[in-house]
Each structure stands twice: as structure tokens, then as C-alpha cells.
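Over in Swiss-Prot, the protein carries these features:
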type: DISULFID; residues: CYS75-CYS90; note: disulfide bond
type: DISULFID; residues: CYS82-CYS95; note: disulfide bond
type: DISULFID; residues: CYS89-CYS110; note: disulfide bond
type: REGION; residues: 61-83; note: region 'Disordered'
type: SIGNAL; residues: 1-21; note: signal peptide
Amino acid sequence: MNTVRVTFLLVFVLAVSLGRADKEENRMEMQEKTEQGKSYLDFAENLLLQKLEELEAKLLEEDSEESRNSRQKRCIGEGVPCDENDPRCCSGLVCLKPTLHGIWYKSYYCYKK
């Protein structure tokens with residue numbers, strides 16, 4: 001009976017001591033995993049930031065192209081209203097007050113010289 005008790009006690013002591021070692025190993029593993037997770041999150045965050053910056057650069061580039069294409073024409077054609085203080089009539093045209101048929105518009109138009 002004593003041998004059974006001694007054997008049981010020996011097995012119990014080994015189990016407890018190995019269990020503590022496993023507990024320490026588990027704690028170390030968990031720390032490593034959380035550190036790896038943090039580094040992965042940092043990597044993912046940096047990657048997302050780079051993609052957003054590229055997207056922003058493309059959008060700004062498209063805006064600048066759009067503004068270049070949508071600029072106003074350089075001159076105004078014949079029969080088109082113009083501003084007497086800032087005439088933008090094309091060459092060969094003059095910004096004049098309309099005669100007869102356009103009197104009621106109270107505006108200036110580009111006419112041939």
C-alpha cells in the first residue's frame with residue numbers, strides 16, 4: 001500500500017511540476033502570438049495607408065486633368081453675348097450694342113467689323 005501511495009505521490013508531483021512548465025510555455029507562446037499579431041496589424045495598417053495615398057494621388061490627378069479640359073474657350077463667336085468691359089470676341093469680331101432686332105436684350109454681342 002505504501003508503494004502505491006509513493007507512486008501516486010510521485011506521479012502527482014511530476015504532473016504538477018510539468019503542468020507549471022506547460023503553463024509558462026503557454027504564457028510565452030501567447031506573448032509571441034500577440035507580438036506577431038501587433039506586427040501584422042502594423043504591416044496591414046501601413047499597406048492600407050499606402051493604398052489610400054495612391055488612390056488620393058490618382059483622384060487629384062484626375063481633378064487637374066478635368067480642370068484643364070473644362071477651361072473656358074478663348075474667344076466668343078459671332079452673335080454671342082459679350083461683356084463690353086471685357087470683350088472676348090474672336091479676331092475679326094467686335095463687341096457692339098445690338099441694332100434694331102436685339103434692342104430689348106440690353107446686352108452687347110460680338111459682330112463682324
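Using the three backbone atoms N, Cα and C, a Cβ is placed for every residue, glycine included.
The Cβ of CYS95 (disulfide bond) lies under 8 Å from the Cβ of CYS82, ASP83, GLU84, PRO87, CYS89, TYR108, TYR109, CYS110, each on the same chain and at least six residues away in sequence. A strand conformation is recorded for CYS89 (disulfide bond) in the three-state DSSP classification.
Under the three-state DSSP scheme, CYS82 (disulfide bond) falls in the strand class. Reduced to three states, the DSSP call for CYS110 (disulfide bond) is strand. In this structure, of the disulfide-bonded residues CYS75, CYS82, CYS110, the smallest number of CB atoms within 10 A of the CB marks CYS75.
Fewest other C-beta atoms within 10 Å: among the disulfide-bonded residues CYS89, CYS90, that description fits CYS90.
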